[in-house]
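What follows is a set of notes on a single structure, which appears directly below.
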Amino acid sequence: MKTPIYFSHEIRQLEQLARESGISDLMERAGMAAAELARELLAGKTSVLVIAGPGNNGGDALVAARHLKAWWFKVNIVFIGETAKLPPDAANALQAWLAIGGELLDAIPADGKWDMVIDGLFGIGLARELSGRYLELVREINRMNLPVLALDIPSGLDADAGQTFRAAIHASHTLSFIALKPGLLTAYGPDYCGQIHVDTLELDAPALLKPNGWLLEKTEVAAALKPRPRNSHKGMLGSVGILGGASAMCGAALLAGRAALKLGAGRVYAALLADAAPAVDIGQPELMLCAPEKLFQLDHLNCLAVGPGLGQSPQAVQLLRQALETELPLVLDADALNLLAIHDDMQELTKSRKGSTILTPHSAEAARLLSSTTHDIQQERVHSATLIAQRLNCLVVLKGAGSICATPKGEWFVNPTGNPGMSSAGMGDVLSGMIAALIAQRLTPQSALLLAVYLHGAAADDWVEQGVGPIGLTATEVADAARMLLNRWIYSPVA
Ligand SMILES: NC(=O)C1=CN([C@@H]2O[C@H](COP(=O)(O)OP(=O)(O)OC[C@H]3O[C@@H](n4cnc5c(N)ncnc54)[C@H](OP(=O)(O)O)[C@@H]3O)[C@@H](O)[C@H]2O)[C@@H](O)CC1
Ligand SMILES: [K+]
């Protein structure tokens, strides 16, 4: 089963649709799910501090507190807001809490001791920067250094963008209601959410509202993989061309080429622009190095990756234009993206290409493509990726924590794999080579993109699990681990 992701306005639509179909107890369901998870996480410990805010997120917390109290946990609630202004469901939850003898505190007692905090201060209704008592409370909870279960989303985090409203609660677990929201998974989301759990509140969300966003998951991306027939030869496995490697940047093209080899392309050609380009890659002599004009004379290329170390010389401009004029599937990265951003005619060429085009920008490259700023791209990562995909009629991966893949049809995917060890030179070059290799092996461009993005992050995660990284993890190591995982997923799928 695929896992959908919805923006907060879509979650509100879902709530409305549920209400219209006669479901009126969503808050009770959310509170019960929260209490059950809290009980499991407490694992025998008994004392809980519940923070309830002025909206329905506070209502969820009040319901959870009521159940925990009924199960004999020691529960203290700090409520911040005006009880008279609570929305109806939350007001009912408050009455039910008071009816079983519960009390409300207006500040965290200085001498209290708890095993866990339940954060029900703000959910998807947080609409502006935190200030005053709210800001102070978030900081105080973070200073307590206790396990925190955040209800729906850590308070202070923007459910759509994954940015913080000045500060946010550092949760150890987040229980997201109805479905995932993109802000949990991208930008700062992974830093604040801890382990993410989803409770659908018994709603079949995709049946009520068609999702446009999905979580990338191994079962989904690996479905494109098939074992090779024993009777195979390199021609069947496709040929990749890499175009880049201007003076002082040959390494980028070699990294992309080596990654394409390791991901199984039958033949890989690296065409280097540098005047004094090497004739052979001594560390990887299987790579075929050639001059750029030779690459376009080959009649058996299945995919071309343009950009690693390309530079922005007149020759680079001419070669990129030539690549865009072919019907080959193209992967464009780095300076290919920067050149595309400043040449309107190349953007027109891209829009009308017969072959697929895949763009792999990080946020600064995306900003150039959209004539925007890195800050604005990070504020709207999903929207930015889909906008580029639709404007340029291409597939896009907007890289960074929680990479966003987008299609020209408006579908988008968030990648949960990867770690800060990937913030190092060459990682993007390796990703370009990986995508190109999978396309050359006849995966559809979209399947190749989704698999490569997921696998690239999973390979880096594998090293971190082994204690290599995040500090000092190299792109070459990621390509090696990607090869190992790919083989494992195809040939020992249970492992
Ligand atoms: N509806 C349902 O059926 C279900 C909803 N569910 C739950 O409800 C949550 C959404 O609830 P919600 O819409 O009430 O928003 P919520 O996040 O509690 O906060 C809104 C309050 O905060 C206030 N406020 C905002 N920003 C502020 C700031 N910076 N500083 C100070 N105040 C600020 C804002 O005040 P105002 O902007 O009006 O001044 C308002 O009072 C959702 O995440 C899920 O947990 C589940 O139970 C499932 C069923
Ligand atoms: K919360």
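Heads up, the Cβ atoms here are built off N, Cα and C, so glycines get one too.
Summarising the annotation, TrEMBL assigns (6S)-NADPHX binding site to 56-60, 123-129, Tyr134, Asp152, Ala252, Gly309, His362, Asp429. Sequence-distant neighbours of Gly309 ((6S)-NADPHX binding site) (same chain, 6+ residues apart, CB-CB distance under 8 A): Gly244, Gly245, Ala246, Met249, Cys250, Gly251, Ala252, Ala253, Leu273, Ala334, Asp335, Asp429.
Annotated K(+) binding site per TrEMBL: Asn57, Asp119, Ser155, in sequence order. Counting every protein chain shown, 27 other Cβ atoms lie within 10 Å of the Cβ of Asn57 (K(+) binding site).
In the three-state DSSP assignment, the secondary structure recorded for Ser403 (AMP binding site) is coil. Spatially close to Ser403 (AMP binding site) yet at least six residues away along the chain are Thr186, Val397, Val414, Asn415, Gly418, Val453, Gly457, judged by Cβ distances under 8 angstroms. Residues or ranges marked as AMP binding site in TrEMBL: Lys399, Gly400, Ala401, Gly402, Ser403, Gly428.
Look at TrEMBL and you will find 11-209 tagged as domain 'YjeF N-terminal'.
Across the domain 'YjeF C-terminal' (217-489), the prediction's mean pLDDT works out to 97. The annotation domain 'YjeF C-terminal' is assigned in TrEMBL to 217-489.
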List nothing but the one residue from Asn56, Ser155 whose Cβ has the fewest other Cβ atoms within 10 Å; the candidates are the binding-site residues.
Asn56
Report, in whole Å, the straight Cα-to-Cα distance of Gly402 (AMP binding site) from Asp119 (K(+) binding site).
24
For AMP, whose listed binding residues are Lys399, Gly400, Ala401, Gly402, Ser403, Gly428, the greatest C-alpha pairwise distance in Å:
15
Could you list the residues of the same chain, at least six apart in sequence, whose Cβ is under 8 A from the Cβ of Gly59 ((6S)-NADPHX binding site)?
Met27, Gly31, Ala52, Leu86, Pro87, Asp89, Ala90, Ala91, Asn92, Ala93, Leu94, Gly120
Could you check the binding-site residues Gly400, Gly402, Gly428 and say which one's CB has the fewest neighbouring CB atoms inside 10 Å?
Gly400
